[in-house]
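Visitor: So TrEMBL has the following annotated:
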- 50-340: domain 'Sugar phosphate transporter' (DOMAIN)
- 47-67: transmembrane segment (TRANSMEM)
- 79-99: transmembrane segment (TRANSMEM)
- 119-137: transmembrane segment (TRANSMEM)
- 143-163: transmembrane segment (TRANSMEM)
- 170-186: transmembrane segment (TRANSMEM)
- 192-210: transmembrane segment (TRANSMEM)
- 231-248: transmembrane segment (TRANSMEM)
- 268-289: transmembrane segment (TRANSMEM)
- 296-317: transmembrane segment (TRANSMEM)
- 323-342: transmembrane segment (TRANSMEM)
Amino acid sequence: MVEAQSWTTRRMSNPRLETTAVVDIPTTPPGDARAPTAATSSVSSPAIVTALIIASWYLSNIGVLLLNKYLLSYYGFRYPIFLTMIHMIACAIYSYLAIHGLELVPRQNILSRRQFFKILALSAIFCFSVVCGNTSLKYIPVSFNQAIGATTPFFTAIFAFLITFKRETGEVYLALLPVVFGIVLASNSEPLFHLFGFLVCVGSTAGRALKSVVQGLLLTSEAEKLHSMNLLLYMAPMAALLLLPVTLYVEGNVAAITIEKAREGPFIVFLLLGNATVAYLVNLTNFLVTKHTSALTLQVLGNAKAAVAAIVSVLIFRNPVTIMGMTGFAVTVMGVVLYSEAKKRSKVTGR
């Protein structure tokens, strides 16, 4: 759904670097064996918390992909726009509870009409990306979906150049070649290749990249910048309202169909609620991973996540794969890693 893969989230404070309360430890005669203290155990607790958060981020990202695929392809709930709208409604409700109830982050308000329309524009791009991504899962396997999604840096570089005229170094552009070559190789070798599914998945990937570029362009001033959780709080209800007329026009009386299915058995209700909850957890854990590590760590983990999701989906759904297709996917992921390293070096050189 949601764009689990935006690189504009700010790095928050790292608990491992924060000062802790000073504890007076009584002196111990030399040579005495010291029992483990609370201070000793507290050293490892941040690492354990970080590991659990990363594991939760992996489970939620892969879980929402698998649930979407099951709903849209195997269960027969072929309404990706309505499913995306449910995701947006859940994100709006959970974001409100997280900010107002749990106070995970301070509340930020929309300060002007101009800022409102900027967020509305981002919501429209967000809707396009998520709807295309969910629609693609009706036609292509999760493994192929993730291979195409790994090309996000390629589209980000293109949009950054076209919109902001930002030029990268030759090394950065050169690193994008294996990204493109790998996806071409994977596409030619995909046993379940579907042209429409491929095109809407490319549209989803391009939309995700466009959102990250436009977000950095629109919300530039300190007064307009919003924390990722606050941005989701405002974007989600806007996205749901934008999707409502589209789902009614394209997918017909889908609400009545869903209610009828719910009367036949409650499984569809639990499936949709669980799916929407996991979709929100993708955004929440995305924020938590960045807070407890860094945006760069999130990017590295994201590269590995695509490969893990592809492997898990193949094991669960048993979709056929070829050696050439797996090679193409590996080349694409390797290209993304090279691109990240080249970007890092270019930033260091620029300083």
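Keep in mind that glycine also has a Cβ here, set from the backbone N, Cα and C atoms.
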Visitor: Taking contact to mean three or more C-beta pairs under 8 angstroms, with sequence separation of 6 or more, is the transmembrane segment (323-342) in contact with the transmembrane segment (79-99)?
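Guide: They do not touch: fewer than three Cβ pairs between the two stretches lie under 8 Å.
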Visitor: Determine which recorded stretch among 170-186, 231-248, 268-289 has the most C-beta pairs below 8 angstroms with the transmembrane segment (143-163).
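Guide: Between the candidates 170-186, 231-248, 268-289, the best contact partner of the transmembrane segment (143-163) is 170-186.
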Visitor: Other than its close neighbours in sequence, what residues sit by the transmembrane segment (268-289), given a CB gap under 8 Å and a spacing of at least six beyond its ends?
Guide: 1-2, 4, 9, 53-54, 56-57, 60-61, 63-64, 67-68, 71, 75, 77, 83, 86-87, 89-91, 94-95, 98, 228-229, 232, 258, 261-262, 297-298, 301
Visitor: Counting only CB pairs under 8 A, let me know which of 47-67, 79-99, 119-137, 170-186 has the most with the transmembrane segment (192-210).
Guide: 119-137
Visitor: List, by number or range, the same-chain residues at least 6 past the transmembrane segment (170-186) whose CB is under 8 A from its CB atoms?
Guide: 144, 147-148, 150-151, 153-154, 157, 324-325, 327-336, 338-339, 341-343, 345-346
